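Taken from TrEMBL as is:
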SIGNAL    1-19  signal peptide
DOMAIN    119-179  domain 'DUF3772'
TRANSMEM  192-212  transmembrane segment
TRANSMEM  233-257  transmembrane segment
TRANSMEM  277-299  transmembrane segment
TRANSMEM  311-333  transmembrane segment
TRANSMEM  345-365  transmembrane segment
TRANSMEM  390-408  transmembrane segment
TRANSMEM  420-439  transmembrane segment
TRANSMEM  460-486  transmembrane segment
TRANSMEM  506-528  transmembrane segment
TRANSMEM  556-575  transmembrane segment
TRANSMEM  581-610  transmembrane segment
DOMAIN    598-664  domain 'Mechanosensitive ion channel MscS'
DOMAIN    672-754  domain 'Mechanosensitive ion channel MscS C-terminal'
């Protein structure tokens with residue numbers, strides 16, 4: 001009785017506390033719903049702040065997810081408890097204990113409350129998703145309308161007149177601002193000091209730019225004298241050239257920029273412009289360094305590509321001019337913001353920039369620029385990437401046509417996006433190449449170009465390189481989307497959804513799960529290979545197990561490990577292994593229609609592995625060929641003929657057909673030599689001679705006893721047979737040859753003739769001829 005009262009009290013207090021939590025959660029959900037409703041109304045106004053509203057919606061959604069996470073865990077626990085209690089007994093069944101009935105009622109009540117909370121919260125999150133989609137659609141529409149907005153064309157003379165007047169006003173405003181700043185500096189008495197410090201910083205910057213960069217390049221060139229360039233070194237050397245060109249310039253520019261800030265030489269109104277100039281300088285130096293390092297116009301022997309020297313210098317110049325044009329445009333636009341004028345000046349500046357970039361893009365896509373040097377006289381000259389260059393030419397032409405027709409923003413978007421993506425692709429390629437070469441340098445053998453890689457090393461490096469390439473592509477996609485106009489928040493949410501999971505029906509696709517499954521599969525497979533190697537090198541040599549049995553056990557370990565790895569990987573992805581029964585049913589139907597041979601070979605392979613009628617290394621004779629067994633797999637068996645040809649035989653043929661195995665139980669075999677002697681010879685003497693040969697040959701076993709018998713009376717000879725057993729039938733051909741030589745010598749020494757057929761030719765002629 002006391003226990004029942006305690007249970008009821010605990011149930012009452014837990015329900016009361018849960019009711020309080022439940023009411024607080026419902027109030028919070030209702031408040032969130034009202035805020036979402038307010039945001040929905042704000043979106044219908046004329047100029048809503050889409051970015052602020054989007055951030056607010058994401059915060060509300062995040063709060064809802066954090067709030068409902070404990071309730072989802074609690075829901076799973078309550079559902080599990082109800083499943084353990086089972087359903088209530090039917091009316092015609094005996095009644096259950098009252099405490100069990102009350103516990104079921106409490107759990108059902110709690111389950112109903114939890115479902116209510118979660119459903120209301122899910123409605124809020126669905127509304128939040130709808131609003132986010134609406135904001136995304138609105139922003140995409142704004143982006144499209146801005147891109148495809150038609151402005152004045154540069155063919156209109158009025159645009160040039162308006163721009164000329166606006167430029168004069170902006171230049172006058174900037175000049176007045178500079179005079180005001182310089183006057184203020186002179187009034188403070190800092191004019192001379194400022195000029196001296198600035199002059200010194202300029203001198204330091206010039207030293208970093210010219211002599212220091214040249215000294216570093218010469219230093220690297222001297223260290224590389226006599227060094228043979230090859231793939232493993234080229235990327236690292238070009239990276240060194242890139243850093244040697246970039247770092248001095250960046251250091252000099254940073255010193256000058258910091259000097260201006262420390263002297264307060266930059267007006268507060270021009271801080272944004274100064275930052276734009278500094279970032280533009282950094283970008284231009286990095287582009288120049290990367291282009292010089294990758295294209296290597298000054299180091300043709302270390303050039304990765306096969307470009308001609310003239311093409312290398314042209315390519316570097318075009319890349320530098322394109323980068324300078326883009327950066328200079330950004331600086332001018334920021335300067336116009338500072339002076340307060342845009343309008344027609346922005347349109348004309350964007351048009352001119354687009355045309356310059358389009359011309360550079362068209363020149364970069366010329367086939368003559370990318371013509372490689374022929375390595376031999378008979379080797380055709382290669383012109384890489386013809387389709388890519390064709391698309392680039394079309395984009396350049398389309399950009400110019402867009403500008404001339406007034407769609408300046410769209411033309412500008414085409415050219416700048418093309419150059420941004422090309423630069424990103426180049427950086428990704430360089431980083432990817434660096435990582436591949438760093439992986440190669442982990443093994444000393446890779447640093448020697450004359451050392452050929454083993455097959456295992458080649459395969460291993462291929463898969464490591466494939467993984468680096470896959471990661472490079474995945475890392476390329478997010479910044480590429482940002483350069484094409486996507487917003488970081490959308491890209492971040494897309495990455496988060498890809499890693500957390502995208503629900504498709506009842507299955508949740510997640511990159512994280514897929515990567516976990518791949519890692520789990522590789523780990524189990526590596527452990528399996530390690531177990532196979534340990535068994536082969538340590539366990540088997542200490543046992544008396546036959547080599548064929550060892551190979552069968554090694555193969556069996558491999559298949560078991562592969563099966564376990566596959567099952568664990570499938571389970572890690574989230575696939576229910578119970579669904580394998582459905583797959584098995586589908587396979588049974590497939591077997592009935594067209595997979596009989598595959599399944600037959602599979603089952604036959606298992607029989608061969610377990611019963612071992614043939615083993616690796618056996619000498620077998622089949623209807624498909626004769627040779628030594630090299631490999632027994634699940635589907636087929638490979639044999640190598642005496643001509644070094646590989647014959648692949650389906651396993652079902654080896655099970656259902658007749659197979660001669662010369663080395664099934666052991667390697668003992670019999671050799672037979674046919675000997676013919678003249679009718680003048682003494683048969684007993686011949687038998688004695690052949691017996692002596694059998695006794696003298698070291699490879700003829702004494703047991704079973706060799707046999708020499710008189711086989712037959714032939715047309716021109718007495719035929720004898722020499723039959724003896726040898727320990728290894730694989731040496732039978734060699735032993736037969738040795739026996740024939742010994743027999744020939746013995747018979748010749750004994751004066752016994754080996755006859756050969758003789759024929760008399762009778763020619764009949766006519767008497768009158």
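Glycine residues also receive a Cβ, built from the backbone N, Cα and C atoms like all the rest.
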Secondary structure composition of the domain 'Mechanosensitive ion channel MscS' (598-664) [DSSP: H/G/I, E/B, coil]: 20 helix, 24 strand, 23 coil
For the domain 'Mechanosensitive ion channel MscS C-terminal' (672-754), residues assigned helix / strand / coil by DSSP: 35 helix, 23 strand, 25 coil
Helix, strand and coil residues within the domain 'DUF3772' (119-179) as assigned by DSSP: 52 helix, 0 strand, 9 coil
Per-residue pLDDT averaged over the domain 'DUF3772' (119-179), given as an integer: 80
